[in-house]
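This report refers to the structure that appears directly beneath it.
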């Protein structure tokens, strides 16, 4: 008689954003007249249309697929050379980082890569995560049987090292007491919007090399960095080639949440004994993945064209204007706020006497604004709340006005 | 110190099609003057351009993505309703099969789904596969630690039940002696091109329900069925809703190998105790996947439009004309051949005294034609060879002429 993977049953409730969607659906069903009034600043989904340079590249690629001479079947396992080359050049070599095109693995998005990467590591690997944290890192390890058991009191898994990120440590975690094998770091951070300085990130790279850990570095929000001394990639740090894997996404810098494209960088020096992680990940891609669509990879190439770059700078600036509206509006309304300067996320303390989900309900009912409860990202997120800058400008302004009036 | 997933190291060599690509690359490097003469009937990649109805749908969807009012961000976890509905209607309800739209999970292809499905089952699940078999079923279980150890003598994994499919049993496996938990079946079959009758498939459904096994049914080649009494879906069989998961692909019926779209059907009755596999797979999708691109799902919808259907019938007919050329040509040249009637694959016995890889080399060197060695699909594939009907008509005719002259 077949049996299921019991680790799945250890996951508490459903995925955070599914829960939010259900809560909002229940609210609109009970209050149909408010349906069109709801402003969603919860999930990190973009609202601006694809830039003209990308639309042009997509149409051209579609036309190629309609002609036998230029039709493209299966893509190369690891991505088209044309895309891997412009990524290596623009995101790494242009910043003085030693990353080659063949160390880049093109995929359909950072969420898949972040959740699948744990597969190439030993089942008894000990993971460390920031707390609060993007739920995918922990949940994918729970499913793989690596997280131990869920403790509903502490809201933690027994075998995961949680590194609290709070106002007290400026949302920058300390090195854990227990030595981890895998360290998930995301900077600019989701959900707190915090960043690490180059010196701080160098500290993590040195730590990982010292203890023999791998840093799984999620740099999905890199395009939102506005300040000096904030590293754009972990490979700006010396020694990162022997301890770090980096995940990148086109979702937020180019509005590809519904287009699906990302990539993972694994330097060839990253090894356990003789075994390179690059070769294991290549094997996984070859066996369990069939490449990102040709037309989408052509859209990705257009992100790096001069027109694409100029148009996307404007798009990022548009969202960062929203971030300022949220940050300054909430501050003037008396909230304690952080993030929003190098990241599209604003992280606020919930008002006295209200926990994260209570504030969620309050905001939904009173202002008809949807945000994300901080506690959904981990126990240290309790008492915090995340708003995103990905709405339209008009709705963002309206949402903040309503919050001010609350 | 971090450690790798040692199960990956149990995989012998690299993925079959990567090996073939390397062999062909080595040959063309040694014989650059023959580069343009090589005809590839190895990998199952299509060559005909996308049908006009699909190109039209892609352009329209791209335009939508360029306007704020019609832009689409994150897709629903399990696929857009518009696509799930036409799939349910056309592929299932229209054939009298009781499958609802919300039992369909849209994905970026059957390869990912076939390889990921094992995750929702217990680690000690015993798998049974046909031999020869599409390598992904076994390899994904090796990576998950479920296959035991590789025996280079037998070319089998110690903990996998291999069900030989040979000329003697008409490439239709017998029920295994040892009871499996998961049974991978692919019909029309890759690589042999064989089919099961409805009565034979009903036998497997009854067997699975009797022993408490789940059938993982890969129906990627359904569109190539030309004969009566060959089931188009496993849900034509009574009782399949309690024992079968079905995988479908748009790669071969609509030429989407480079477009990437597929789906998996999990009926809600399929349960282990109280736990439905539908809910586990939904959880996996929600946590580790971010949906197929909107524009690709719109292309999938066009596959089911009247124009799309008519154009794709022609496309399938084009490839099946190739299949006849290969089948009849090889037969007239004295080869023992099967498949090619309800499937785009032709399976031939290698000539006396030549094993599969020797015939591969012989064919490449003498006729400059690339095929796939049967032994690459499992030990019972030794002495066989696969050719695909996915080339152009002109090149297929030319390849068969060259083989006849060998």
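Residue numbers in this text run from 1 along the chain shown.
Cβ coordinates come from backbone N, Cα and C, glycine included.
The secondary structure of residue A:290 (substrate binding site), as reduced to three states from DSSP, is coil rather than helix or strand. Taken from TrEMBL, the feature substrate binding site covers A:15, A:44, A:111, A:134, A:190, A:290, A:386.
What TrEMBL records for A:74, A:110, A:111, A:134, A:190, A:221, A:249, A:250, A:251, A:260, A:290 is pyridoxal 5'-phosphate binding site. DSSP classifies residue A:74 (pyridoxal 5'-phosphate binding site) as coil under the three-state reduction.
If you look up TrEMBL, you'll see A:38-403 marked as domain 'Aminotransferase class I/classII large'.
Packing around residue A:252 (N6-(pyridoxal phosphate)lysine) is summarised by its Cβ count: 27 other Cβ atoms lie within 10 angstroms of its Cβ, all protein chains included. What TrEMBL records for A:252 is N6-(pyridoxal phosphate)lysine.
The recorded positions recorded for this entry are A:249, A:251, A:252, and the Cα of A:252 lies nearest to that of residue A:386 (substrate binding site). When the recorded positions A:74, A:249, A:252 are screened for a C-alpha within 10 angstroms of the C-alpha of residue A:44 (substrate binding site), the residues that qualify, in sequence order, are A:252. For residue A:290 (substrate binding site), the same-chain residues lying six or more positions away in sequence with a CB closer than 8 A to its CB are A:74, A:75. Taking a C-beta cut-off of under 8 angstroms and a sequence separation of 6 or more, residue A:190 (substrate binding site) has the following same-chain neighbours: A:44, A:134, A:218, A:220, A:221, A:343, A:345. Here the CA atom of residue A:111 (substrate binding site) lies 10 Å from the CA atom of residue A:251 (pyridoxal 5'-phosphate binding site).
The domain 'Aminotransferase class I/classII large' (A:38-403) scores a mean pLDDT of 97 in the predicted structure. With an 8 Å limit on C-beta distances, the binding-site residues from A:44, A:74, A:111, A:134, A:190, A:290 that reach chain B are A:74, A:111, A:290. Ranking the binding-site residues A:74, A:134 by how many Cβ atoms sit within 10 Å of each one's Cβ puts A:134 at the top. Taking all protein chains in view, 26 other C-beta atoms sit within 10 angstroms of the C-beta of residue A:386 (substrate binding site).
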